[in-house]
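Chemist: Pulled these from TrEMBL:
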type	residues	note
BINDING	470, 471, 472, 473, 474, 475, 476, 477	ATP binding site
COMPBIAS	585-597	compositional bias 'Low complexity'
COMPBIAS	600-615	compositional bias 'Basic and acidic residues'
DOMAIN	453-726	domain 'FtsK'
REGION	223-249	region 'Disordered'
REGION	583-616	region 'Disordered'
REGION	628-647	region 'Disordered'
TRANSMEM	25-46	transmembrane segment
TRANSMEM	85-105	transmembrane segment
TRANSMEM	117-136	transmembrane segment
TRANSMEM	148-166	transmembrane segment
TRANSMEM	173-193	transmembrane segment
């Protein structure tokens, strides 16, 4: 109840972007105040007359008040100018210049005026006053009645009393001139060497342009001189007012030559601030998208059976966006560009130290990192820049850096440095993005934002499976929760089902009452094998349904239209033959041997059956149909196999299998888990079944080659070593991430990694979404997994699946060829785990095919194979 009340409180008091607008208005007002004050001050100075001073001031030259005031600002301006001239002298004109500079800087960059700027301003005024005292202006005393000359009182104290006797006139001027330049650098932030270089470039470019223009004009004059001269007729001297003679046409060649090429202008590096997005525009809520899909769903609901998922969850609605937090706009202030440019200069100077000449490129500040681009000089090998990674890290004082040499798709080299203050990417911002709401993705996943601030929205249907790895605290679990949140905000329980395997017990217990669950949350590693087997059986069942309906994949089945149900059909393969008949037909024919005292291969009960009345039910459990009253001796061909009937539904939901910790499963039964995952990954895409595997220990024993080959899409968060990065990504890079959501994403269909900042979803948001879903329905489990600790030998014999039957066929082939039955031999030949191989031997022993175990000796084969 506390979480819901908090959600209602957040709904009643929405967050706005007013603080950002207020700050911008305040900076604009300060800029105008600086410019207005500079103009006010300048007008008071240029119109100052000593006679305008009132009689009550000690600077007045007359005891009577002036008849008229000549100062443009009035008596206030006269007093202000008089006292400032008395204090600063001619340096008084530096003050309005600095105020104008501050006003312009306040408009260009709100954070450009710092304490260093004010210190530089003070140094300029003090040093200028002293310089003017030492080098007085001509006729200054005639215009301004001040006892201290052109330097004012401040210049007299600094220049005359302090410096003149100590350093002399020349030394004082040199020291004061240097102080003035230092103050100018502090106040403006402009380096004098840069000013000199830019001035030199401008002068050189101007000289080149003048010389080229002069040469072009000379060439045009020479071409005009070579043109034929036509004498005008005699009456041409009398121009007519009615009709003017046309001007002589100039040849196309001259027109082409007169087009002067403009000098190229090199722009400054562009700074892209992707961490502070623009104020959000009103976007449609997901409920509006849901309404459009609900209209398409109503026709299917009309034909749905009362017991189907479609009918059960027909009134289900997706969670509204009000349940999710929106980013605090006040925490996303505009970026100060000065530190970014300073850092880029440090990088360029560091490279120049090692004789690597580069020019500045764009600067892109993302939520977690900032990418500095540089243009290598012609003929420079980019791997020289990549080899200087430790030196650049030392110069920039960065904890971890990453160098892209070059950036894919660009002609620049990128140097990525972590930000001191990371920006959180809330999931609501991504769910309201146009790419998520109006994109073509069938199973959209909101993963985060890339370096350029673009939303990273992946499509699980295109992947079709995903592997996630990262150490504790790197953001792996948050990524899994954001994936679940993305799907919950898009699909109803009849459209998508979850199978969650959580060996760590604590990660997914919050979803145990979710109506989207197809199976209870699996926490026992032994039960996870049964859950994966259920997924394999569901996959095979769907393919049988597709074959019967005549479609090729999941989309074709759900897109065939409502009401086209085929009822119940028998699971058969092409040509009307059952699966058992097809296997018999494909097997090589062998001569039937004479009856022997050994028991038949197909006799499930080798001993005599006394209860003839229960024969029908007993044999139906084993898959064979024997009418009551008839006897089967066990040596002849068994009766026809009774196939289960398949019910064709109106539609099938997506199934997303999420394994939170793969390492725990691989420690329990690596061969069985690897085999099941590989089989699902290879075939389940067309059946609408998708895998998401997560692990915090991406070792080669956990993420095997078979799993990597069948799961092409990966997300890597921060890992411990470059070896772990190579296991998950087949290359290094994940070991250089900064953690807390910083990730590398390998999209489908490409080998280029994408660096992004993972989205953030809080526990309160997850609880709000789960409560919203649970209030509309309870889980409808497809099956209940048995407890492995309570399963005895009889339970194992009853839980034989079609997958087990397929493995048994392979085991029989091995027994037929090797004439030897042992668990270790079957385990080696078929690459099975010990648990699976031992279970196959127990099933064959129960069916009377092999004898009991005899120590270390192979088992006896009791039937003719």
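Even glycines carry a Cβ here, placed using N, Cα and C.
Automatic prediction, not curation, is the source of TrEMBL annotations.
In the displayed structure, how are the listed features positioned relative to their neighbours?
Modeler: Counting only same-chain residues at least 6 apart in sequence, those with a Cβ under 8 Å from the Cβ of residue 475 (ATP binding site) are 717, 718, 739, 740, 741, 742, 743, 758.
Within the same chain, residues 85-92, 125-126, 129-137, 140-141, 172, 175-176 sit at least 6 positions outside the transmembrane segment (148-166) and bring their C-beta atoms closer than 8 Å to a C-beta of that stretch.
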Chemist: Note the Cβ centroid of 470, 471, 472, 473, 474, 475, 476, 477, the recorded ATP site, then list each other residue of that chain whose Cβ lies within 8 Å of it, in sequence.
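Modeler: Other same-chain residues with Cβ inside the cutoff are 478, 696, 717, 718, 739.
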Chemist: Report the listed stretch (25-46, 85-105, 173-193) having the maximum count of Cβ pairs within less than 8 Å of the transmembrane segment (117-136).
Modeler: 173-193
Chemist: Minimum Cβ neighbour count within 10 Å among the binding-site residues 470, 473: which residue?
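Modeler: The binding-site residues 470, 473 were compared, and 473 has the fewest Cβ atoms within 10 Å.
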Chemist: Under 8 Å between C-beta atoms and at least six residues away from its ends: which parts of the chain pack against the transmembrane segment (25-46)?
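Modeler: Apart from its flanks, the transmembrane segment (25-46) reaches 71-73, 76-78, 80-81, 84-85, 92-93, 95-97, 99-100, 102-104, 106-107, 110.
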Chemist: Other Cβ atoms within 10 Å is the metric here; tell me which of the binding-site residues 472, 477 scores highest.
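Modeler: Highest number of other Cβ atoms within 10 Å: 477.
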Chemist: Taking the Cβ of residue 476 (ATP binding site) as the centre, how many other Cβ atoms fall within a 10 Å radius?
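Modeler: Taking every protein chain into account, the count is 26.
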Chemist: Please name the residue among the binding-site residues 471, 474 whose C-beta has the most neighbouring C-beta atoms within 10 angstroms.
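Modeler: Within the set of binding-site residues, the most crowded position is 474.
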